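Listed in TrEMBL:
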{"type": "DOMAIN", "residues": "45-111", "note": "domain 'HMA'"}
{"type": "DOMAIN", "residues": "123-189", "note": "domain 'HMA'"}
{"type": "DOMAIN", "residues": "198-264", "note": "domain 'HMA'"}
{"type": "TRANSMEM", "residues": "292-313", "note": "transmembrane segment"}
{"type": "TRANSMEM", "residues": "333-351", "note": "transmembrane segment"}
{"type": "TRANSMEM", "residues": "363-382", "note": "transmembrane segment"}
{"type": "TRANSMEM", "residues": "402-419", "note": "transmembrane segment"}
{"type": "TRANSMEM", "residues": "558-577", "note": "transmembrane segment"}
{"type": "TRANSMEM", "residues": "597-617", "note": "transmembrane segment"}
{"type": "TRANSMEM", "residues": "917-937", "note": "transmembrane segment"}
{"type": "TRANSMEM", "residues": "943-966", "note": "transmembrane segment"}
Amino acid sequence: MAARLLSIACIRQKNYGDLSPSPHYPSMPKGVTPEHEKLLRGSESMALFSVSGMSCSACAACIEKAVKRLPGIKNAGVDVLNSRAQVLFYPSLVDEETIRETIEDAGFSARLIEEENSDSSTKVCRILIKGMTCSSCSTTVESVLQALPGVLKAQVALATEEAQVRYDSKIVTQSKIFETIEDSGFETILVSSGEDLSRIELKVDGMETGKCTRIIENSLKALPGVEDLAIDPGLNKFSVSYNASMTGPRNFIQVIQSTGSGRYKAYIYPEGEGGGGRDAHKRQEIKQYFSCFLWSLIFTIPIFLSSMVFMYIPGIKHVLNRKVVNMLEIGGLMRWILATPVQFVIGRRFYTGSYKALKHGSANMDVLIALGTNAAYFYSVYMVLRAATSPHFEATDFFETSSMLISFILLGKYLEILAKGKTSEAISKLMNLTPHTATLLTLDIEGNVKNEEEIDSRLIQRNDMIKILPGAKVASDGIVMWGQSHVNESMITGEARPVAKRQGDTVIGGTVNENGVLHIKATHVGSESALSQIVRLVESAQMAKAPVQKFADRISKYFVPMVIALSVFTWLAWFLAGKFNSYPKSWIPSSMDSFQLALQFGISVMVIACPCALGLATPTAVMVGTGVGATQGILIKGGQALESAHKVNCIVFDKTGTLTMGKPQVVDTKLLRNMVLAEFYELIAAAEVNSEHPLAKAIVEYAKKFREDGENPVWPEARDFQSITGHGVKAVVRNKEINVGNKSLMLDLNISIPIDAEEMLAEAEGMAQTGILVSIDGQLTGVIAISDPLKPSAREVISILKSMNVKSIMVTGDNWGTAMSIAKEVGIDTVIAEAKPEYKAEKVKELQASGYTVAMVGDGINDSPALVAADVGMAIGAGTDIAIEAADIVLMKSNLEDVITAIDLSRRTFTRIRLNYIWALGYNLLGIPIAAGVLFPSTGFRLPPWIAGAAMAASSVSVVCCSLLLRYYKRPKELDSLEMGGITVE
């Protein structure tokens, strides 16, 4: 498992070439009948796109999957080596721009071939954006970024307050992107400047002049592997982005300290100091909102008391009613003085936010707040000034309305930010798994330990030798060079049982060494580590919008203008009704006139409407859901996967490694010719050692028993090796033609199969074993029986899926006899055997055409086309890298139970999203009419603006809290009694 996670960590750095055949299966346009297709025939168009960002054939498969889901696509093929995508489509149903956007939505940059850009100039940066309040803000930022020349793709997530921008550095610079966002009215902070770069912040003491800074800057930039350098002279802070495979932070510190002949001292920037990092900025934002709320409270409480309480206390009332100038009272003047700093100093953020939003032609929550509070404040100012200039006019002000509104909204934002911080708790826990310190070993020429030194774990570099004591956390991904122990990997993989480790085994950073001392060699550090890759995958999942989010985005475009129009209409309707005596005078409170009553209704409508709750309904639930999945060993790659998974009603299982343990063993061998068994196995092992198939590995492992050179035998050379997917292998060994595979392979090669061999095959298949035929020089020589035991809980998992109304199907490349035996044992009724990879994908397409939402569960390279074709691809974590990359969901523990957990979690998450939308829409649909006064004529109930503002603030907090309840998710009770490899989960 550790080895598999480490392979996930570097999967994007590998070039798999054409390991996996590109799945070229015909795709009928959605909703196109055969008759319609006849009419469209001949009108097809071909589009050729340049696609950047692909790293392996799984990426190509992902693009094909996305494009083929579009209506009007006849066929699509992706050439990963040349970074090309060729699409055959019907122009009457879909156009090139839609196809290009779909490819970019899949996470890659694409242009029509004449607009091709070089992959090397494509860069990615992740930016923290401060000041976004609702989905209108995030949509605005996304729009201005997409409109910027050179930006290939921009994703903005409201819940995480982050943007991920893929851009062409030849056309646009990173600073221009920052400038564009800041012009939109938001603050920006760089989180990361590349997908494969590590980043460290260093503090340098001893710098006295700008010349010192330039000397250090030039010294660092000269180092190989340093990609980017940002300097904050005021804080003496250097932020270095670097390639961890080429250099590391200890090199930076050494260069800095040697540059000044000992005058400069460099160390890692202390956490929380100087506002570095997302957590520090989040803490700073929480502190700012809390401070603003407390200050607003200091001014608002006296305003509230003077207008709502003291007027009923005779002595104090007399003082407050004393006249200052004409009819201007002390109470009114005091409220004006106290309300002004609340309105313009503490509430300044709402003015700046609304100004910048309006400047770019959009309207957000700040606009509603600014309009509502301004209406109350400036009307009150008018009343005070009129009283001061008139000997008869008695003023009634609403200063308490504006100041209490701002106070309650600040309190709501403070609580909302606190709650939103909890939604990313799963990522925080993952990031905090790495220990703070590590023991660095210095070795002499002979490999003996010369020195031990305790260092900050962030200073670990590739190839460092690290000592791990019993009970300590593993400080870095690496390989065990000395010692043996058991390592608890549950915090990363969710696997409860400690895993034995000895020399040559891989370990994962953040796991716990249980009982022995280990010396490990660091192999993956910084952004390359498995933990960093998992965190990045979860962050990317939280960044990607679920399709259901588009509903809120559409509403948010028109929400604020519509609310403003409703507010004006409400005020006008009540004002005109009062003007023409359309309602009794007794309805008007004694302290108001008809104009003031109408104004209160209009302000209440404006401030009760809440676009934030709608904008947060989906992303907060997706954030918590993907985070909970990660803690359970289920990596969900975004909202699209979550949304599709909750609809799944049919699951297609691969057999080997999915329903079975994936560790086949040779259990019987029958020779049909006189031959020494050791020689027989030497010949076929020489051919099979070139194959990655689990059955081939089982044969090679068994063949080692006949060799004296033990674990590392040297096999004879195999020439003309050929792997025939779904059939077997061919090679020439010692001038003998060796064919190893199934019955279909022998028949294709015109090799006759004796009755004895047929009977042996039937016997093996009857016992749920796989029969492998071996021919030498065109003559069938032997039959090998291989057994791959079922996973302990396979039958129970299939039974539970049936109870969840999910149909189970098994599709395998194995023979029919073995497949039927396995299917009967686990309780699967529908079986497809001897299926090639492309046929697995075809079967998935057939099921989708029948109306099923299909999930494919597999682990091998040959499963990747089907994983891509399915609505949801689930890769078993112990499977191949390409299967993991092609999948939408990765089951890290390799337990079948997690298929149920993934579906159940997605269903719970979308139930929560529905509840969030019901609450957010219901709140606005009920709240706005009540604020407009629909209940006032019949009940006399009126919602004051400050209470409406409090309700608005509470709505956002309630939506986030509703999503947070997912943190307490428990997997289905039926799974608690299942035995997993001898361990019962309690």
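Positions of Cβ are set from backbone N, Cα and C atoms, glycine also.
Contact between the transmembrane segment (363-382) and the transmembrane segment (917-937) does not hold: fewer than three of their C-beta pairs are under 8 Å, each pair 6 or more apart in sequence. At the 8 Å Cβ threshold, with sequence separation of at least 6, the transmembrane segment (402-419) comes into contact with the transmembrane segment (943-966) through 3 or more pairs. Summarised as a single figure, the pLDDT of the domain 'HMA' (45-111) averages 77. Panel annotation: around the transmembrane segment (597-617), residues 133-136, 138, 158-159, 364-365, 368-369, 371-373, 375-376, 379, 398, 401, 405, 416, 420, 552, 555-556, 559-560, 563-564, 566-568, 570-575, 577-578, 587-589, 913, 916-917, 919-921, 923-924, 927-928, 930-933, 936, 942-945, 948-949, 951-952, 955-956, 958-960, 963 of the same chain, lying at least six beyond its termini, place a Cβ under 8 Å from a Cβ of the stretch. For the transmembrane segment (558-577), the list of distant contacts is 136, 363-365, 367-368, 371-372, 583, 594-595, 597-599, 601-603, 605-606, 609, 611, 614, 928, 931-933: same-chain residues at least six beyond its ends, Cβ to Cβ under 8 Å. Residues 369, 372, 376, 398, 400-401, 404-405, 408-409, 411-413, 415-416, 419-420, 422-423, 600, 603-605, 607-610, 612-613, 616-617, 620-621, 623-625, 628, 908-909, 912, 915-916, 919-920, 923, 927, 930-931 of the same chain sit 6 or more residues outside the transmembrane segment (943-966) yet have a Cβ under 8 Å from a Cβ within it.
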